Ligand SMILES: NC(=O)C1=CN([C@@H]2O[C@H](COP(=O)(O)OP(=O)(O)OC[C@H]3O[C@@H](n4cnc5c(N)ncnc54)[C@H](OP(=O)(O)O)[C@@H]3O)[C@@H](O)[C@H]2O)C=CC1
Ligand SMILES: O=C(O)C1=N[C@H](C(=O)O)C[C@H](O)C1
């Protein structure tokens, strides 16, 4: 059987370089291009790539994914920065290329995906919930894409259950002391040397708390999810948001 031809965009970055190694090591995949900043996007189409793994920056990702979609190259995207408006733009681009698939995964690690699902499931049972994400100090964006998605899922679950806003008597606060407000869920971002990617969801009810914690200790934690995305996206036209759609989680 012929190998699936894969390109990595952002190939010199922290996760991109790990993805290059993972694709090279996979027997059913062939790395046909490894693009860094400044490389012409034509490198991608000239390489004959069927799938591009996009791991760059929020500033670059839109143009790169638009190029992929415009050239019928499926995309597996880990880069953060996806707002409602950006997603709507991408949906529009996909309409002109209906056979192309794009997977956007806020997090490729199985533990992080499960954390999101567990938090969504637990949300309606607790009065209070806050998210703390902890990352390495070279991370450019805050809150993390994972924490933003987690908070959105929690907020939607609370709204669907008719939960009232969270109790919080804070009357005065320094800017940022109560975190960022993501759909009513406070999200706190820690940047600390020695960390990689970690998240805690703190849920509180009368006389009890529940903490759901996940730790990515190495970039290798993201690789099985990336490879699964590459193998599945070619048969999944349109936009898929979240790796959970490619996992049997029910
Ligand atoms: N979904 C997930 O599971 C994960 C997602 N991420 C996300 O992935 C992204 C990358 O993270 P990380 O690897 O730590 O960041 P890095 O800064 O280490 O890597 C990004 C790389 O992309 C390059 N780059 C920027 N623009 C372009 C472009 N237009 N074409 C090609 N290459 C480009 C950068 O080059 P230069 O250095 O020259 O700017 C850099 O080498 C972030 O958004 C991060 O949040 C990270 C880990 C897991
Ligand atoms: O920048 C990172 O490192 C990570 N980024 C993603 C995010 O913002 O959620 C995924 C993971 O947390 C690692």
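Residue numbers in this text run from 1 along the chain shown.
Glycine is no exception: its Cβ is also placed from the backbone N, Cα and C atoms.
A quick note: this is a predicted structure, and the numbers were derived from the prediction, not measured.
Here TrEMBL has 10, 11, 12, 13, 14, 15, 78, 79, 80, 105, 106, 107, 108 binding NAD(+), and the candidate from 28, 39 in that same listed site is 39. According to its DSSP assignment, residue 135 (active site, proton donor/acceptor) is in a strand.
When the C-alpha distances from residue 10 (NAD(+) binding site) to the recorded positions 135, 136, 139 are tabulated, the minimum falls on 139.
When the binding-site residues 10, 12, 39, 105, 145 are checked against ligand 2, 145 have a Cβ within less than 6 Å of one of its atoms. With a cut-off of 6 Å between Cβ and the nearest atom of ligand 1, the recorded positions 135, 136, 146 reduce to an empty set.
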